[in-house]
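Student: According to Swiss-Prot, the record shows the following:
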BINDING   68-76, LYS94, 422-430, LYS445  ATP binding site
DOMAIN    62-321  domain 'Protein kinase 1'
DOMAIN    416-629  domain 'Protein kinase 2'
MOD_RES   SER221  phosphoserine
MOD_RES   THR359  phosphothreonine
MOD_RES   SER363  phosphoserine
MOD_RES   SER380  phosphoserine
MOD_RES   THR571  phosphothreonine
Amino acid sequence: MPLAQLVDLWPEVELVHEDTENGHGGPEDRGRHTSKDEVVVKEIPITHHVKEGAEKADQSHFVLLKVLGQGSFGKVFLVRKITPPDANQLYAMKVLKKATLKVRDRVRTKMERDILADVHHPFVVRLHYAFQTEGKLYLILDFLRGGDLFTRLSKEVMFTEEDVKFYLAELALGLDHLHSLGIIYRDLKPENILLDEEGHIKLTDFGLSKEAIDHEKKAYSFCGTVEYMAPEVVNRQGHSHGADWWSYGVLMFEMLTGSLPFQGKDRKETMTLILKAKLGMPQFLSNEAQSLLRALFKRNATNRLGSGVEGAEELKRHPFFSTIDWNKLYRRELSPPFKPSVTQPDDTYYFDTEFTSRTPKDSPGIPPSAGAHQLFRGFSFVAPVLVEEDAKKTSSPPVLSVPKTHSKNVLFTDVYTVRETIGVGSYSVCKRCVHKGTNMEYAVKVIDKSKRDPSEEIEILRRYGQHPNIITLKDVYEECNSIYLVTELMRGGELLDRILRQKFFSEREACSVLFTVCKTVEYLHSQGVVHRDLKPSNILYVDESGDPESIRICDFGFSKQLRAENGLLMTPCYTANFVAPEVLKRQGYDEGCDIWSLGILLYTMLAGYTPFANGPGDTPEEILARIGS
């Protein structure tokens, strides 16, 4: 891949060390420094020449759909373009108020726009348009439906080494490309790594990036998130692209362990730890992972892996990445470890409902100071691919029958009328309900939030509910104490009721049912999902025909998506009659527990009773004794 020539694009800029967030002395006060009230930053003209076409964009070309996020400088919206050549395309629109930006932050914003306009890489977010009004700046970016890596990390606490290896490998290619353009990223952290709908990463938020350095030049400004700062950034000795590889190591450590390597009780202590503390290496990590971390956590930047003239090539040769095919990775031919469960084009499941529930409104910006107009001259930008594209006719994306999580101010009873109870479980109750607008009948599972977190069940149903033999999730509502899962109504009742009515099934009947169930379980296992509670009462018929093809596997309340390094699960969830012995022993279990349950299911259909019949008060030890006898 040809690389851009390094040129000095910022010859007039001197970003004198910016203030820290507190007034502590110590390591953060070393070197060149300005006081909190004396930020010295020179305003600079835009020097980039971006191909601009007749199709310049403005805010009237976009319809606001949702709020994705909000900060002190402005908001990020989900928007739909309504003018050609890309009508109906969804984007993320970053809106920054000029009047609330300090001069320093205005420079950063302009840098972000210039960097994004120049960078074209599969693992870096793409800028499509940039424009301004009297009071605001607008960046139109890729809308990445998978949310950020921080959200996924906070949910899973820590990742497997294989997961981490994949994310780090894609990240290394993205960082290496930025470095080849003379850009230091300087703010590498999980919040700035987004996931697209396939699960591939995209680097975003270039507000702290420093452009146009080469390996002989250094930046001196104090910036970034303190826990991810390299020692040379902390002590202001000057830093180059090697600072990003230290942050890369911090990110690796956090993903593998669920904690940060250097974190004190406050900012000052954290910085002291970064400069002086010995790294506590978790011994559960592989030798290769430990070796890579040690190579990245070199306090002398010249000795740090990736900091030499070879850059990321050094890192790519490390044994930790021995299984990565870098060419296939760059072409996005390797499957990500996690695919976000998004099917609607405007799905915001992975974004904070605190923001997505708000009414999207782009309020008028306060006019900025006169000097800001000069600073943002030339800010407008249209992606060349859009300029060159013919005004193609694009149809609106199809509206799919997939669930949305409604905000807490929309009540389930506002939309549905609740009817009789269908079934009662340990953590939930199932009722029939009727949609007030369409008069269509559905089932609703009402889950007590204080007893169980249904997020895994919702995610599995959202992702795999389109399978013909898995119950379809229609809607999700969240209220103060309950979650409402609206599904298709199973009018044919449970397989258990059918067995009880007939006493037992013929071999032909049992074979047909088991074939359909096995096909569905095989599909779930191929997707890394273990049901963990297969039994006749969780297998229902969608209608009265009794056709095995009308069977739906339901109740994914105990289900789990396999994520452990060895693929085994340790959480004991079961229905006693159908539970596998390895579940009772808590020895770790995988898809095999579902296969055991299928055997119990077949026995029950043929015999009319379970092979290891038990009373309601039986302990796991008593059930195991029967299984082993």
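One is the number of the first residue shown, and numbering goes on along the chain from there.
Just so it is clear, glycine is given a Cβ too, placed from its N, Cα and C backbone atoms.
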Student: Could you give the Cα-Cα distance between LEU68 (ATP binding site) and THR359 (phosphothreonine), in whole Å?
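Tutor: For LEU68 (ATP binding site) versus THR359 (phosphothreonine), the Cα atoms are 11 Å apart.
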Student: In whole Å, how far is THR359 (phosphothreonine) from CYS430 (ATP binding site) when you measure between their Cα atoms?
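Tutor: CYS430 (ATP binding site) and THR359 (phosphothreonine) have their Cα atoms 32 Å apart.
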Student: Could you tell me the mean pLDDT over the domain 'Protein kinase 2' (416-629), as a whole number?
Tutor: 80
Student: What does DSSP call GLY74 (ATP binding site) in the simple three-state scheme?
Tutor: strand
Student: Neighbour count, 10 Å Cβ-Cβ cut-off, for TYR427 (ATP binding site): what number do you get?
Tutor: 15
Student: Take the Cβ of VAL424 (ATP binding site) and count every other Cβ within 10 Å, whichever protein chain it belongs to.
Tutor: 9
Student: Expressed to the nearest Å, what is the distance separating TYR427 (ATP binding site) and THR359 (phosphothreonine) at their Cα atoms?
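Tutor: Rounded to the nearest whole number, the Cα-Cα distance is 33 Å.
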Student: Should CYS430 (ATP binding site) be counted as helix, strand, or coil on the basis of DSSP?
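Tutor: Once the DSSP labels are grouped into three classes, CYS430 (ATP binding site) ends up as strand.
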Student: What Cα-Cα separation, expressed in whole Å, is found between LYS94 (ATP binding site) and THR359 (phosphothreonine)?
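Tutor: Pair distance, Cα basis, whole Å: 16 Å.
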Student: May I ask for the distance between GLY74 (ATP binding site) and THR359 (phosphothreonine), taken between their Cα atoms and rounded to an integer number of Å?
Tutor: 15
